[in-house]
């Protein structure tokens, strides 16, 4: 018998999802893995059994969820100082090392679901990070792009699904689309168009490069996806990791931290450095970057 499970919006034991008019996203509601998640009380972590952190499910219990944000590790075009945008470029050796180090930092933070962009550098970062996780569950990318893809990636073992973590890919989490700048050298572009103009394209909130997206445009799609797809999971008690890009993550952080358009333009995110948020009482509380890989170092950030 195949391990097929219906995708229940915001259910405690399924993966929540937003309403969507997209045919592919609608197909996403029928999934092939059961999320064997539990509600975790972060402050009461067990040193000897980190993967079994749990609390009783009584009405007096307040649920805390963790949100991990990771910008992908260094890509081959980062290394070459090229505008990458939505071009699909893999990680460098250094980027691989950054992803593994990020995994060590979050190795004791529970993860029930992973969301990544549709780009390989974010997906590589998420997968490599999870190789260091103490849950020792296998991240599996959900393929829902066609009925055949759904059928052919079916899992036929209940035991295996319980040892797996679903990875949801979404183009809405992609890097900002840089239009006619994609593939160009950043220094040469500054010399061609002028440093002030290129700085305006890169750091303003609402001015896009030629045939590209502004940060505001990127923010509209990334934040809408976060609100509809990811936030319901946190509300239901799931622990979520998001591996994405500098501008899509800046957009999400703008929403989480209630930054102004002026403040977000000066926000810098390093490659491969995880950021931790605690979701409680419908509020996001930033805990900075986990110092890991020791459990004590990670959970020190959960003190309120």
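Glycine is no exception: its Cβ is also placed from the backbone N, Cα and C atoms.
For 72, the entry in TrEMBL reads active site, tele-phosphohistidine intermediate. What TrEMBL records for 175 is active site, proton donor/acceptor. Under the heading substrate binding site, TrEMBL lists 71-78, 84-85, 121, 175-178, 186, 202-203, 246-247. Look at TrEMBL and you will find 245 tagged as site 'Transition state stabilizer'.
TrEMBL feature annotations superimposed on the structure.
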residue : record                                          : contacts (Cβ under 8 Å, 6+ apart)
71      : substrate binding site                          : 125, 243, 244, 245, 246, 249, 269, 270, 271, 272, 273
72      : active site, tele-phosphohistidine intermediate : 91, 95, 99, 119, 121, 122, 124, 125, 243, 244, 245, 271, 272
74      : substrate binding site                          : 91, 92, 94, 95, 98, 271, 272
77      : substrate binding site                          : 83, 84, 87, 89, 183
85      : substrate binding site                          : 175, 176, 177, 178, 179, 181, 182, 212
186     : substrate binding site                          : 81, 82, 83, 198
